Amino acid sequence: MRVKPSALVMVLYLLFLLIPIYWLVNMSLKTNAEITGTFSLYPHNLTLRNYRVILTDPSWYMGYVNSIIYVVMNTVISIAVALPAAYAFSRYSFMGDKHLFFWLLTNRMSPPAVFALPFFQLYSSVGLFDTHIAVALAHCLFNVPLAVWILEGFMRGVPKEIDETAYIDGYSFPRFFVKIFMPLIASGIGVAAFFCFMFSWVELLLSRTLTSVNAKPIAATMTRTVSASGMDWGVLAAAGVLTIIPGALVIWFVRNYIAKGFALGRV
Amino acid sequence: MEKTQNNRAWLLVLPVLVVVAFSAVIPLMTVVNYSVNDTFGNNAFFWAGLEWFDEMVHSRRLHEALGRQALFSAIILAIEVPLGIFVALNMPKKGFWSSLVLVLMALPLLIPFNVVGTIWQIFGRTDIGLLGHTLKALGLDYNYTNDPLDAWITVIVMDVWHWTSLVALLCYAGLQSIPQAYYQAARIDQASRWAVFRHIELPKMKGVLLIAVLLRFMDSFMIYTEPFVVTGGGPGNSTTFLSIDLVKMAVGQFDLGPAAAFSIMYFLVILLVSWVFYTVMTNIDRSQSDIPEAM
């Protein structure tokens with residue numbers, strides 16, 4: 001059989017991408033004795049102990065619960081405020097619209113490191129430190145602009161005649177928006193929600209700065225273990241594998257929109 | 001699309017303004033406030049004018065972090081952009097395989113940043129990591145916690161692993177928009193593979209490629225978590241990039257004034273690049289709507 005060179009390139013590239021992930025999965029299924037004692041390419045004594053540790057120890061699994069709570073809150077807030085704004089940007093021109101759109105972009109582009117300290121002080125002073133809503137609001141910094149940009153891209157694809165016909169038929173704006181317009185851009189809302197979820201899920205710096213105990217995200221729980229002296233490599237690897245799962249589950253449904261989402265809806 | 005002039009649209013934008021004001025404007029004002037004041041604690045502030053800015057502009061620490069940052073961004077762009085184009089050209093165009101390849105390629109993009117760090121931290125270790133172990137078995141003296149060069153290589157390979165797919169996926173999206181007729185015409189003209197790339201594919205990818213370069217530049221310019229987890233900024237300060245240095249200064253040492261002045265200059269650089277980015281994007285939008293749909 002003749003092998004196409006392009007297939008060979010892809011196989012090599014995918015191997016480069018997948019081997020480090022495989023290594024993590026591999027380690028998560030080994031005992032610590034096997035990890036440090038022998039060097040094996042696959043687990044000889046397959047064990048689920050590492051996963052069991054995480055799923056039975058509240059200090060571990062609460063990390064996931066906390067992360068999911070603030071990520072979902074953030075996604076809901078971001079989409080809810082972004083929908084009307086994206087509609088405004090896609091349909092109307094108004095005073096300062098271009099400047100506003102640009103200003104939103106600068107927030108997506110601003111380094112979280114710049115905001116870490118002021119966020120800490122702001123949320124401490126209003127008594128929101130170490131709450132889920134604090135992290136959810138902080139992540140709005142980059143997710144609201146992202147949602148506005150993605151949704152605006154989808155909304156521009158809907159012809160304006162639909163709005164006008166609906167208004168002539170006597171629909172009020174809120175009823176038109178919910179009943180007619182939102183179903184038309186349902187895939188756009190899904191894509192925007194997915195990316196808000198993802199970017200909030202992968203962020204560590206702000207969520208770590210704004211929490212200590214009650215809302216501690218899984219990412220911060222993991223770094224704590226890294227700095228501990230007695231290293232539990234197996235559990236660390238298992239925790240890592242579990243953080244990859246939410247993205248891996250949903251990715252198949254949004255595969256054609258990945259480039260769009262990362263390019264702020266502009267591709 | 002022709003847009004209606006309507007200033008009441010501001011009402012629709014209002015929720016976004018409120019949220020972003022709370023999550024961006026107020027914190028930014030705090031930073032500005034710190035940058036021009038000095039404090040000895042207890043919330044007592046003294047006007048310091050531009051002293052902190054002056055100190056930061058001449059700070060060797062900042063210059064070195066900036067230098068490392070610029071070098072890092074330049075290297076990863078030089079690797080990721082050509083590699084991303086190359087991969088995109090080789091991706092299957094349609095069918096089940098194309099979907100599968102898309103999903104597998106997107107996988108690293110959706111891994112939390114600190115887990116990316118953890119993966120490479122483990123992968124590179126000489127005792128338990130496949131990469132470190134293999135390199136050691138090959139007789140190479142590789143140790144990313146001691147040797148600055150090895151630390152740099154690890155961080156760069158990690159970033160290439162993490163983000164090349166993004167460049168490739170963007171280029172792929174650009175390639176998909178090329179009508180088959182162009183390739184047929186090229187075949188009739190007996191154009192070489194290089195000529196097809198140079199005169200058909202590259203011009204069509206220009207827009208997405210600019211977006212890819214700018215996105216990668218911005219994101220690499222504010223990289224924090226991944227190198228922090230792998231090397232912690234070390235050995236020494238050799239992988240302390242701007243964000244790592246800033247967090248060290250602000251949260252670690254609590255040097256509010258200098259950190260705030262640092263933040264503002266950092267932010268201005270980002271603002272400038274954002275402006276370029278925005279102009280490029282709106283120009284692409286315009287040129288796309290000017291050109292009538294190809295057959």
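Cβ atoms here come from the backbone N, Cα and C positions, even for glycine.
Some features that TrEMBL has for this protein:
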DOMAIN    B:66-277  domain 'ABC transmembrane type-1'
TRANSMEM  B:12-36  transmembrane segment
TRANSMEM  B:70-89  transmembrane segment
TRANSMEM  B:101-123  transmembrane segment
TRANSMEM  B:151-175  transmembrane segment
TRANSMEM  B:207-225  transmembrane segment
TRANSMEM  B:259-278  transmembrane segment
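Between the transmembrane segment (B:151-175) and the stretches B:70-89, B:101-123, B:207-225, B:259-278, it is B:70-89 that has the most C-beta pairs under 8 angstroms.
Through the fold, the transmembrane segment (B:259-278) approaches residues 28, 31-35, 52-53, 55-57, 62, 211, 214, 217-218, 221-222, 242, 245-246, 249-250 of its own chain, all at least 6 residues removed from its boundaries and within a Cβ separation under 8 Å. With a cut-off of 8 Å between Cβ atoms, the residues of this chain six or more beyond the transmembrane segment (B:12-36) that come close are 45, 47-50, 52-53, 256-257, 259-261, 263-264, 267. Within the chain, the transmembrane segment (B:70-89) has long-range Cβ neighbours (under 8 A, six or more residues past its boundaries) at 105, 155-156, 159-160, 163-172, 174-175, 197, 201, 205, 209, 212-213, 216-217, 220-221, 223, 241.
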